[in-house]
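Student: Before I ask anything, let me first share the structure, which is written out below as structure tokens.
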Amino acid sequence: MSYGSCVSRLLRTRVQSVLKKSVHSVAVIGAPFSQGQKRKGVECGPAAIRDAGLVKRLSDLGCRLKDYGDLSFTPVPKDDLYNNLIVNPRSVGLANQELAEVVNRAVSGGYSCVTVGGDHSLAIGTISGHARHCPDLCVVWVDAHADINTPLTTSSGNLHGQPVSFLLRELQDKVPQLPGFSWIKPCISSPSIVYIGLRDVDPPEHFILKKYDIQYFSMRDIDRLGIQKVMEQTFDLLIGKKQRPIHLSFDIDAFDPTLAPATGTPGCGGADLSRRMYISEEIHNTGLLSALDLVEVNPRLAASDEEAKATASLAVDVIASSFGQTREGGHTVYEQLPPPSSPHESENAERVRI
């Protein structure tokens, strides 16, 4: 081995010995599911997000990864409408039951669980599975929509606009039992969820938010208060009195469609990049993030390949910022600078650098 190779190897060993290892053990679950709504393509979201470099980005941040791959959900051959309106109830119920098992297994194994969808009906499974291991969890729901319609208030029949109603204890007597949903047990109470970024809320949803005193911050509130104040109030409510696991459920349509056009229900007036990244950065800084959903990336709805890639890349940015990437740059953290052990070694290192 040459003299230069020996010195280079010595330097690499010394630098690696002072790198602080990440505390994050992250499980990645792909959930290619679209039957919570009617538009095809959102089942391609997990592949698009993976292609945008998700696993490498998390690995570069020092995360210890367990990749469950993309799940294959059991098909339901005959899935009639419920009440002549609700779309694919048996498929949604069964897929979420299967997803809940995997999420529970990941969280029980000590991993922070990242689920990439897929439509937002998947939150029924991710939060249910998470709550089995962490019954005191709290939820930060970042979305343009409240997704809290019930099967009796929805006008679209799409279950991706209803997941919270199945999870909220206060609505237990307001939600009929759909075929395929008998396994679901409400697992969160209204003080345990905060919405951030709402800008398209149906009248029945607004009634529910007010009646059950559910905290939400609309885009108007964010403009009025500033995102820093919004996050301070969110944490004061959810973890101010008790430290507990956080479940971040993030719909890509929270961004303005100029930034994330490849999604099924875009709406003007969404947040810019810095405000949304601040949310995930601050959640990371609590040290309490236990599970994360990133949903509703639909590459088929992009007007161009560039739009599809930009939306998927933004999804990766959200996930990475939840695990330590900052807008200062995502760095493996140093505990200290590596000192030279002797003047001779310092001289050799200088030669290598030159």
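Note that the numbers count up from 1, one per residue, in the order the chain is shown.
Quick reminder: no glycine exception, Cβ is built from N, Cα and C everywhere.
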Student: Please state which member of Thr115, Thr265, Thr326 Swiss-Prot lists alongside His145, Ala146, Asp147, Ile148, Asn149, Ser156, Gly157, Asn158, Asp202, Glu296 for binding substrate.
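Tutor: The one candidate that Swiss-Prot places in that substrate site: Thr265.
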Student: Of the residues Asp236, Asp251, Asp256, Asp272, only one is listed by Swiss-Prot in the Mn(2+) 1 site with His120, Asp143, Asp147. Which is it?
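Tutor: Of the residues offered, the record points to Asp251.
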Student: Note down the number of other Cβ atoms within 10 Å of the Cβ of Gly157 (substrate binding site), including every protein chain shown.
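Tutor: Gly157 (substrate binding site): 20 neighbouring Cβ atoms within 10 Å.
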Student: Within a 10 Å radius around the Cβ, which one of these binding-site residues has the most neighbouring Cβ atoms: Asp147, Asp202, Asp251, Asp253, Glu296?
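Tutor: Output for this query is Glu296.
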Student: Of the binding-site residues His120, Asp143, His145, Asp147, which one has its Cα closest to the Cα of Glu296 (substrate binding site)?
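Tutor: Nearest listed residue in space: His120.
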Student: Rank aside, I only need the closest one: which of the binding-site residues His145, Asn149, Gly157, Asp202 has its C-alpha nearest to that of Asp251 (Mn(2+) 1 binding site)?
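Tutor: Of all the candidates listed, His145 is nearest in space.
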Student: Using a 10 Å cut-off, grab the number of neighbouring Cβ atoms around the Cβ of His120 (Mn(2+) 1 binding site), all chains included.
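Tutor: A 10 Å sphere around the Cβ of His120 (Mn(2+) 1 binding site) contains 32 other Cβ atoms.
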Student: What subset of the binding-site residues His120, Asn149, Gly157, Asp202 lies within 10 angstroms of Asp253 (Mn(2+) 2 binding site), using C-alpha positions?
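Tutor: Candidates kept after distance check: none.
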